[in-house]
Every structure is written in structure tokens, then in C-alpha cells.
């Protein structure tokens, strides 16, 4: 009896020790996994670091590439396209002008009424239409005929107060967001289609001539006064209300910048010098690349798997299309190596681009004590229903690292433009005002990003220059901006 009791006690003690060891091992396993997650975060943070010294190197590299791109075609990663816009709006324009904005599967037609000197925009309205899929792969004639038909409908429905005086044509600004080789303010040949369009017989043709032909067929008495890109349109929209606007930056799905350059500082410009002495340059800065950019293994992997490997590197670390995807890639590694979402890797986390930047922004801005928004987003998008508060905090930290790097690099890019314009040091007469027209959903809606960008540029310019920089939100460059460029490049401008 005694032996049995002793045996039972021994077995019981051994079992208790085994359970305790298991619990201990589990705890140690959890803590070592958490240490791994923190190590991945720390390494990522270090590789994304953007100290002021590095940002100044990026800005200098941007300036060097700008010089090279202005010197010759193909001389730089930056295309530095001549926009042929040498007359930006002054705010004195008056009359009724139109815009056609073709940027993807939808297009818009706008009518804008301007009030003349200090009158601003009196009236604006627009109509939107989607392009049937068969016309995206059909013929040039069919596509432009469809667009002209919608334009005709829009004009037919307008009130008499918008009719032009006898003998005067309506004037239109045409925003065409596809790669073109611009040949004048109102002509340009299509280089290639993107965004799901594939109409071979338009390639190499002047898109303004194609639209004009279609408008004549529909008996629309309208001329295209300006063929523009949305970034140049943003610059025009900003200048209309503020004469100090000289730079425009779009930070949305993609990113681009345009600025006002002295015509004499463009060696590749062989035409007559414009009366204004100025020319707007469309930088196409998304393609900027430099050894100073802080790229990580996640960026390289994302680039390799993209449709355009090796291209648009700056865009891939700064713009809305990609920030959420970078976050997803880091979270996936943490899930695989540190089990931050449990033993199994959530299957949805393996889907490229499932985590969009608006969702990342919502998580980054979550101020609730239990980070409820983060929990909801993880559950709704990735089907992760049991995230711990510790893990949610980790997610917010990652959002901050990704957004901060992007915003600070965008600020460095703007500093590069300011340097190229020679406005980065104070003049004897005091600092010159630099107004940057900003547009795009990323800038407009991701507050932490835009706040970081603005603070960084002020920091980089230094105290003396900090008061000279102003950011202005200029909405709808591709619509209103195009109509304003039609106004400032009107053939009737001398008649007013």
C-alpha cells in the first residue's frame, strides 16, 4: 500500500514537472518569437532610416538628374518633359472654357466659367461617362467618336448664357493621361497605351488631331487650346489663385512633379524663347533613382514582381499604390518567422496588394486605447480575428515607418526642385515665397503622411527659410486645371 502511494506521488510529481516544463517552453517560445518580430521591425526601421544628411544627398541627386534631363533627351532617369506651357493662368482670365479629362476607363467633360480680373471661378459643372470595354481595344476612330458624342451631348444641354459670341469657337483643355510626345501646346503623339487600352492605330498619331476630327464629324464647334498632363494642370490651378505657385506635386496612386523653369536653362529646348521667358517642365519624377534611396529587401522583391521592374523606383516607395503592399510584405515575414498572428500564416496575407494604403492610413491614425480600428481592419481584410493588443501596436509602428520614409523622401524631392530653381537660400531682400500646389488622395487623406512631408521640408530648409515655404491644396488639376490652361492659351486672349 505504501509502495503504491509512493509510486503515485512520484508519477504525479513527474507529470507536474513535465507540464511546468511545457508551459515554460511555450512561454519561452512565445517570448523568443516576439523577440524575432521585434528584431525584424528594428532591422526594417534601420534600413528605412532617413536622417537629414541622407535626405540632403537625395535632394542633391534629384537636382543633378534634373540638370541631366534638361540637357538632352534620354540623358537622365527623369524625362524632364517640355510641356509647351509658357503662359500660366494669371487669375484675370474670363469667359467659358471646357476640359476633357481622359485618364482611364472613365472620362469627364467640364465647363468652367471664369469671372475675369479677381472674379475667380463663377460656375463649374461636369458630366462623367465610362468607356465600354470593346472601345478600349477597338479603333481610334470608334474611341474618339464615342468621346465626341458625349461632348456633343454635354454642349447641347447647356444654357444660353454659356453660348459663345458669334464667330467664336468654344475652347477646350484636353488632359490625356497616357505617355505622349508633346510637340506644341495643343498637339502630341501617343507613344503607347496603358491602363488596359490597346488601340494600335492611335499609336504614333496626334491625339488632338484625332479628337478634332471626331468633333468636326459631330459638328461641335470647338478647338483644343491645350493638351496637358494632370500635374501641369495642378500647377495651373494653383497659379490661378496664387501667383507665387511655381511647383506642383501629385501624391496619389502614383506621384509626379512639375515646376516653372527659366527657358534659357533648358539646353534641349531649340525653339524660340517664349515671351514669358518661362517653361513648365513635367518631371515624371516617379522614375527617379539614386544610390542614396533607402531601399529594403521588401522594396526589391516588390519591384522584381512588378509589371515594370527597375522602373518608377521613387514612386514605389513614396506613393499610394505601394505603401500598403510594403506593409503587407513585412507583416508576412513576421507571420512566417515570428508567428505574430498565431501558428498558421493567414492565407489572405499572402495575396499581393490586398492591403491598400487607405486601410494602412486608417490603422496608422487609430487613436483608440485598444486600437480597435487596427483589429477591425486585420479581421475584415486579412481574416485575422484574434490579434493581440501587442501585435496591433506592432502594426501601427510598421505603418509609421513606411509612411515616414515615403513622406520624408517626397520632401527631399521637393527640396531638390527648390535647389534647381535657386530658391533654397535666402536673398538679401529676404526669403522668396515658395508656394507648392499639392494634389492627390495620399496627400489629401493620409494626414500623418502629409504632416510629416511638410514638417520635413521646413526642417531641411532651415529656420531662416522655413517661413517662405507654403503648401496649397490645388484640387482637380486634370479637370479645372486643364480648363484654366485653355483660358490662358486662348487664341482670343488678345481680344479681351
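Backbone N, Cα and C atoms are what each Cβ position is placed from, and that goes for glycine too.
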Of 171, 284, 343, the one that Swiss-Prot places in the same D-glucose site as 194, 195, 229, 230, 256, 315 is 284
Of 441, 462, 477, 479, the one that Swiss-Prot places in the same ADP site as 104, 105, 106, 253 is 441
Cβ proximity for residue 315 (D-glucose binding site), under 8 A, sequence spacing 6+, ordered by residue number, returns 254, 255, 286, 287, 321, 322
Three-class DSSP assignment, residue 230 (D-glucose binding site), comes back as helix
Neighbour count check, CB within 10 A, over binding-site residues 230, 284; minimum at 284
Greatest Cα separation in angstrom, residues 104, 105, 106, 253, 441 binding ADP per the record, works out to 18
If you measure between the CA atoms of residue 229 (D-glucose binding site) and residue 104 (ADP binding site) and round to the nearest Å, you get 13
The predicted model's mean pLDDT over the region 'Hexokinase large subdomain' (229-476) is 95
Densest Cβ environment (other Cβ within 10 Å) across the binding-site residues 105, 106, 194, 253, 256 belongs to 256
